[in-house]
Amino acid sequence: MELKIARAIIKHGLEDLYEYSEVDVAVVGAGPAGLTAARYLAERGHRVVVYERRFSFGGGIGPGGNMIPKIVVQEEAVPVLKDFRVRYRPVGDGLYTVDPAELIAKLAAGAIDAGAKIILGVHVDDVIFRGDPPRVAGLLWVWTPIQMSGSHVDPLYTQARAVLDATGHDAEVISIASRKVPELGVEVRGEKSAWAEVSEKLVVEHTGRVAPGLYAAGMAVCAVHGLPRMGPIFGGMLLSGRRAAEIIHKDLVEYAVRA
């Protein structure tokens with residue numbers, strides 16, 4: 001029995017890694033923006049992989065507001081909640097409360113059911129770039145425990161037509177690209193202090209491509225563009241993920257036509 005268990009895990013697990021070593025879109029970060037984008041991209045027929053450094057998904061949703069088990073979503077994001085069949089409760093002034101555990105579960109299930117592949121415990125170490133002027137063409141990654149141990153282990157590659165940084169406050173992928181491929185012309189300015197009403201709108205408006213092949217969604221957008229933070233209101237994250245999917249889909253279609 002033990003041998004069968006081991007061989008089943010090795011065979012099918014390595015088959016998944018092989019299959020998703022080349023994708024249309026590599027999303028880094030399985031938080032609200034990343035999972036939302038993954039679902040809408042997969043629904044449009046794109047091969048999507050989501051890498052999450054933790055062994056769980058949801059990003060900042062789980063702790064709710066200061067560990068109180070509720071988050072807030074505004075009216076504009078209700079259509080996204082409906083797409084994922086997430087229940088919500090009105091509180092007035094166009095605001096609604098949502099259960100964090102339900103939102104995490106349904107965002108992840110929605111992305112998976114649409115065809116996206118989520119791989120947990122992955123630390124993205126670097127990007128692949130091509131051309132002059134350069135464009136981002138994929139990722140280098142190792143398992144998170146390897147990165148945490150400080151061991152020098154060469155990473156593996158994932159080739160992607162588009163890379164979406166949905167890593168949150170630190171914009172980890174874009175930070176790496178800006179430092180190691182300065183020719184991309186990307187700068188991470190860092191987010192500002194809180195102004196929720198303004199930031200919820202700006203994060204959606206500024207979502208999109210930051211360099212050829214490289215995109216930002218969610219709090220990574222705030223980090224790149226120096227926008228205010230917003231706290232435990234998540235409508236902007238959901239809308240940013242949806243907008244990122246729309247922009248990436250459009251770019252991939254246009255790129256395929258040009259190619």
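Every residue, even glycine, has its Cβ placed from backbone N, Cα and C.
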Which of A33, A101, A105, A177 does Swiss-Prot put in the same NAD(+) site as E52, R53, G60, V124, H152, V153, D154, M219?
A33
Taking Cα atoms as reference points, rank the binding-site residues D154, H169, R229 by distance from A33 (NAD(+) binding site) and give the first.
H169
Cα-proximity to R229 (glycine binding site), 10 Å cut-off, over binding-site residues R53, D154, H169
H169
Row V153 (NAD(+) binding site), column other C-beta within 10 angstroms, all chains, value 11
